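Trainee: My questions all concern the structure below.
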Amino acid sequence: MQILSLLLSFILCNLLLANSVILSARNGHQNKESNQIPQYNVEFSEDKVLHHFANSINKEKRFFTDVLSFGFEILNIKKAFRGFKQGAINSASCFACKFSVALFQHFVEEDKTEEEIGDLVDVICKKLKLESPRVCKGVTDSFRDEVVQVFSRIVLSPAEVCGLLLGKSCAKVYNPFHNWTIPLPPLPKPPSRPLPQPKPNAPVVRVLQLSDTHFDHLYKEGSNANCKEPLCCRSADNIPDNPKDRAGKWGDYRNCDTPLRTLEHMLKHISRNHKIDYVLWTGDIPAHDIWNQSRSDQVFLLRYISELMSTYFKGLPIFPALGNHESYPVNSFPIPEITGKRSVSWLYDELALAWGPWLPSSVLPSIKKGAYYSVKVNPGFRIISLNMNYCNTLNWWLLINTTDPAQQLQWLVNELQTAEFLGEKVHIIGHIPPGANDCLKIWSQNYYRIIDRYNDTVVAQFFGHTHMDEFEVFYDIASHTHPTGIAYVSPSITTYNGVNPGYRIYTVDGNYPNSSRTVLDHETYYLNLTEANLSDKPKWKLEYTAKKAFNMTTLLASEWDNLLKVFEKNDNLFQKFYRYYRKMSDYYKDPCTGDCKTQLLCNLQSGRSHDSSFCRNL
């Protein structure tokens, strides 16, 4: 949903296009392979529009009326906003962004108070009916102070801001604060050697990945699942007259998050039916009601769900990663240089407490600094957890300076270099996939370069965030053709929106000398909501195992690359994958063809965001 955060940033940060505050935070879960990109027939001169508004600003009494009327007429903000929800970036939306940022910066320079700016944004949001009145008010109140603070500190032009937010199709950014390279050690890369193949009957470990819980403690069976707000099925939503609009007992395909009974049923099922050696927990605990949250809410949920995990997986190692929804407001992760009441230390200190029972005390300083850590799990094997919010395009604090926030990537290089010296194999976990469009391009470029250098050490990566079941193949930087790594993007527990709840178990080469630590196979399980709500007997089913479903001999990067080539020619197999991608949803039944297939295949080949250069023959 981040659709709300995008609205605030598109109406506050962008001051409705005359004051936009992106209330809709670019949906990490949006349909990235949308078939149709809306086109807007907008003919105007930037100079004419900016001149008009400059005159309006100098006429205080007429300003508000002029902004609304001219904004409706020329920018058609409501239509542009719908386009943003669908991932449409074109000249009209790009101009709207630049114009909005320029106007917002004008208000900041004119010392307009946060309350004045927030009130204007709230009125515009309601006037345009971008969201319900309570959502407009809640999002404006939540994001107002942060966005004003960020814009009072940045030294970026409107074009640079929009280039960072929307990508190079909007504007190219050459600001030195946002073009940087992490230095790599001046040591030659060891010659690549084929990974040793596991011997027959070699020990294996079973690894559970849970992602995107989005637990809604206000979920209520029978409430309105069609409430016309970003999150429904809640106790505040009245029982609808139409039975079809009522929320199911175990969840709902519409804009609804995870009920407690479903979460507990899943955890109980896993603990009773699977032998697990350790758990990867890749973020996003809170529900999508980002207009109705507080710091205390986020802390409560972090503590509550962490205790729930400890209860059902008692004695098992749990390795967590931070999601973008854990903070307040959503996506707000100030860099360490931001201190005082706007610091994020309130959250990172809580993470250290919640995660502490599962991790060695030696990692607590890095958690408190930047919510990242490195743990030696067994001799020769290490797990590194990254805070991917430092690449999050909706983390407005990065507009101040994107240069390696919290020195995380330089720290990662040091950890990987040490692991290489010691002959360790590494698994990396995080929340936002590095190839996702809501990962900053410059951060993703640096990360990709690091993985390219240490691809013999990093043998697997695990992410979440998109709510879909997918993967990203990494290729060598030199030729873009040789597959060097694989990142698994696990399906979500939440049904938000239109998918079944799911979880995944990996079989990994186990604990013995010279183990490859590679993923040997994985199994994905799901709960069919339609059946569960009709029979009141939820059954978690094996959806598929990777090797069997796709006729793969191994799960090495080269095999995933071969599978992508097969997908291009064998549409039946690709459509089978697409059903798994949607977690066998009864909500999405149409096949993925044309532009949808092209874009999805490109995404699967792109571990580097905003970069289609790896998309061969597409």
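In case you wondered, yes, glycine gets a Cβ from its N, Cα and C as well.
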Trainee: Of C170, C256, which cysteine does TrEMBL list as the disulfide partner of C233?
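Mentor: That record, TrEMBL, gives the partner as C256.
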Trainee: Return the residue out of D145, D284, D404, D536 that TrEMBL annotates for the same Zn(2+) 1 site as D212, H214, H467.
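Mentor: So, going by the record in TrEMBL, that would be D284.
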Trainee: If I go by TrEMBL, which of H265, H269, H465, H480 binds Zn(2+) 2 at the same site as D284, N324, H431?
Mentor: H465
Trainee: Please count the residues of the domain 'Saposin B-type' (90-174) that DSSP assigns to helix (H, G, I), strand (E, B) and coil.
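Mentor: DSSP composition of the domain 'Saposin B-type' (90-174): 61 helix, 0 strand, 24 coil.
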Trainee: Return only the integer: C-alpha distance in Å from C227 (disulfide bond) to H465 (Zn(2+) 2 binding site).
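Mentor: With the alpha carbons as reference points, the distance is 24 Å.
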Trainee: Please report the Cα separation of C592 (disulfide bond) and H467 (Zn(2+) 1 binding site) in Å, rounded to an integer.
Mentor: 17
Trainee: Identify, among the disulfide-bonded residues C227, C391, C596, the residue whose Cβ has the fewest other Cβ atoms within 10 Å in this structure.
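Mentor: Least crowded of the disulfide-bonded residues C227, C391, C596, by Cβ count within 10 Å, is C596.
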Trainee: Consider the binding-site residues D212, D284, N324, H431, H467 and say which one has the Cα lying nearest the Cα of C94 (disulfide bond).
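Mentor: With Cα distances computed to C94 (disulfide bond), the winner among D212, D284, N324, H431, H467 is N324.
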Trainee: Do you see any of the recorded positions C170, C232, C233, D284, C596 whose C-alpha is within 10 Å of N324 (Zn(2+) 2 binding site), and which ones?
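Mentor: The recorded positions close to N324 (Zn(2+) 2 binding site) (Cα within 10 Å), listed in sequence order, are D284.
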Trainee: Along the domain 'Saposin B-type' (90-174), what average pLDDT does this model show?
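Mentor: Here the mean pLDDT over the domain 'Saposin B-type' (90-174) amounts to 83.
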Trainee: Long-range neighbours only, meaning 6 or more apart in sequence with Cβ under 8 Å: which ones does C439 (disulfide bond) have?
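Mentor: Set apart from C439 (disulfide bond) by at least 6 residues yet with Cβ under 8 Å, we have M388, C391, N392, T393, I432, P433, S609.
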